[in-house]
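Read through the structure below, which is laid out as structure tokens, and then see the notes.
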Amino acid sequence: MLLKKNLLAWLLLSAILVKTAYGIPTSAATETEDDNDSEWDEDDESSEADDDGRVYKNPRNSPSTECPRDEEQATLLGQKCLRKCSSDEDCKSKKKKCLCDGACGMSCIKPDRECPALEQPPTGAVTVSGNHFGSRAVYSCPHGYHVVGLQSRLCQADGTWAGSEPICKQNSNVYCLQPPIIEHARHSALPEQATFDLDSTVQYHCHTGYATAGFPRAKCLAVDGQASWYGPDISCEPRSCGQPPDPAHGWHSGESYTFGGKVTYHCGEGYELVGKSERYCQADGSWTPKELPTCVSQPTAE
């Protein structure tokens, strides 16, 4: 009997070794790879992080107009974005679907991803439609109170509930409305949150291509019984690319040398421009294309 068991174990091990040697996935390996969405595309340097911590290159997708990805806003909100997509085919795992995930845009998501159970608040109540991705938690207060904070929260693809738990307050004066709007900047509060409790803070960050100067935080404080935002004290200035050089026997027109600016190159009489005639100032403070055009002497007719 023992000999028979040993023989069966040896045969099973041999089969696994043969499959591994010839690149044939075992059923366990197939399930793991399918669950982790672990196949890679190698023909692009761009990459996205998925929920298992791996990095995936070149997701086959195009930007969505209905549910665009805004990674800067997602970072400010503390939301972890999964692999982006435009259809289910972009998700290597059969367990994932291409769905809208708020600021993260269209992403490869497990529809059965669960968020933790929410406790009932000390005052008021929370009603949940479920605890899977896309489920909504709605907070309510008893008569004479009102919700301060995010009244409705969604279960996100990273397994967390959006925002934080609101509170019920009686005094309708001691809370702040939406934070100040700063030109060329965004803040860390969810756009649907209309009220903020005392001591709430929001962090500001300038848009891509703009440099932050000053104090980037605002706090809700009460003075003489009235709540108001104090801060931020920042400005967002477009990044400078500096004045670009001119080619020999040529010059450029256009005097905007900051993010979004453009210059156009020209050549003197008897010279022909070779290369791109226009260069643009990028968000990182560099000119594109990197190569400066040249002015080449034209042959004279005899």
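Each Cβ is built from the backbone N, Cα and C atoms, and glycine gets one as well.
Please treat TrEMBL annotations as automatic predictions, because they have not gone through curation.
Database features, via TrEMBL:
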- 31-51: compositional bias 'Acidic residues' (COMPBIAS)
- Cys141-Cys168: disulfide bond (DISULFID)
- 59-112: domain 'WAP' (DOMAIN)
- 106-170: domain 'Sushi' (DOMAIN)
- 174-238: domain 'Sushi' (DOMAIN)
- 239-297: domain 'Sushi' (DOMAIN)
- 29-70: region 'Disordered' (REGION)
- 1-23: signal peptide (SIGNAL)
Counting across all protein chains, other CB atoms within 10 angstroms of the CB of Cys168 (disulfide bond) number 19
Counting every protein chain present, what is the number of Cβ atoms, excluding its own, within 10 Å of the Cβ of Cys141 (disulfide bond)? 19
Residues in the domain 'Sushi' (239-297) grouped by DSSP into helix, strand and remaining coil: 0 helix, 26 strand, 33 coil
Mean pLDDT, the domain 'WAP' (59-112)? 85
Could you give me three numbers for the domain 'Sushi' (174-238), the DSSP helix, strand and coil residue counts? 0 helix, 35 strand, 30 coil
Go ahead and report the DSSP secondary structure tallies for the domain 'WAP' (59-112): helix first, then strand, then coil. 13 helix, 9 strand, 32 coil
